[in-house]
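**Q** Quick one: the structure is below, questions incoming.
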There are 2 protein chains.
Amino acid sequence: MERPVSAAATTDPVSRRRLQPEERRQQIIDGAVAFFADVGLEGKTRDLAKRLGVTQSLLFNYFSSKDNLIEAVYEHVYLNRLSDDWPRRLTDRTRPLRDRLLDFYAEYSTLIFQYEWMRIFMFSGLAGAELNRRYLEHLGSVILTPLLAEIGAASRTGSRPGMEDLWNLHGGIVYIGIRQHIYRMPCPDDPSEAIEGAIDRFLHAFDVV
Amino acid sequence: MERPVSAAATTDPVSRRRLQPEERRQQIIDGAVAFFADVGLEGKTRDLAKRLGVTQSLLFNYFSSKDNLIEAVYEHVYLNRLSDDWPRRLTDRTRPLRDRLLDFYAEYSTLIFQYEWMRIFMFSGLAGAELNRRYLEHLGSVILTPLLAEIGAASRTGSRPGMEDLWNLHGGIVYIGIRQHIYRMPCPDDPSEAIEGAIDRFLHAFDVV
DNA sequence: GCATTTATAGATCATATGATCAATAAGGGA
DNA sequence: TCCCTTATTGATCATATGATCTATAAATGC
């Protein structure tokens, strides 16, 4: 086996010994995020150290175990991925629902359609990390559920989607990032047109003007 | 680290020594598919052997290396996932396009919304296996591309989707399986209603009656 | 029942891997 | 410039892991 360690060499060949602890710690976390995104959470600490240009033992000076390091990676990646004013902005009925949805998915897609996020989210999901389920449940309750009512209110005919319909809208959009970063398929540089189309088709189906 | 080996014990505690080589080989492949789907392609041969109720060395009697075994797993999983009469059935204009689409995704979803397929497809995709890209390119060319013309022909107004729109339809449907088997989120037992909704919204947007 | 074949097991090897710890030297303060 | 703190290294440990090889015993044919 032995997965080929995409050895991008040291990130900064100049950086040498004796950084301030906080700086070094941050450097390790940043490097670990990039590294584990590349090779998966079973990437070897020696390979990560080589990439950082430090010794493997140094990692254990900053993190008590590899699991502990991965925890820090999770925190770094999952933190603030979903800014908490979106529930308010999505339900601000002074603006057309279409604009609100376009704004949300424009910002959200730039946040999540990133190599590190996409891949670490998927790796941790496959590994059964609780963080995934919690994140998606959070997304469902603070974003999708409020949207049920918004669409119902904005519909000319009062037709309302079910929760599963909203997951379908969401999934269709997220799948762009999956194709791009997980499957490494050729994808449009700018996904906003595809996203706009998906949103318009969805609103159209529920008679939102 | 040391991922918890979901040790479901031996699959068949009765099965004992000296099977016919072909039978044993098949048993190993079947067990390996289930095992790697659970723990990922970096699962350890000793854990797989334990699950099968055989010794680890026996695996290497049937497969020259772990990579070789994984190749067999890929073949077993990827083979005939997309039956090749679908291009014809999808373009059979004697039937309503909606029926053709519903039929396709009904059958396709039962094929792919399975634990082993979903997870091994994702694991191999993350590992950069060429098989993934080829599979998706195949799907794009023999299923989605023909659908472009079908929708255009069936549209009252002649409006045609782009390729990216079809990936959006497809992705929204596939995402059900991702939520279920990768993220292990609660999902509807029967996805056909959600699929039907997605297809109808899509056709509706392109003025297909 | 016996001999032969060979599927399977058990012991073992070489290396990889997470983790530890004492030794070293970089950098700041006097 | 020297000293002292401590960030960093290098050697090392215990175990895990893919792979190999010989011994064993289950099935098959006579």
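Cβ atoms here come from the backbone N, Cα and C positions, even for glycine.
Curation plays no part in TrEMBL annotations; they are all automatic predictions.
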**Q** Can you say which of A:1-21, A:85-105 is given as region 'Disordered' in TrEMBL?
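**A** The listed stretch tagged region 'Disordered' in TrEMBL is A:1-21.
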**Q** Can you tell me the mean pLDDT for the DNA-binding region (A:44-63)?
**A** 98
**Q** Tally the residues of the DNA-binding region (A:44-63) by DSSP class, grouping H, G and I as helix, E and B as strand, and everything else as coil.
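**A** So the DNA-binding region (A:44-63) is made up of 15 helix, 0 strand, 5 coil.
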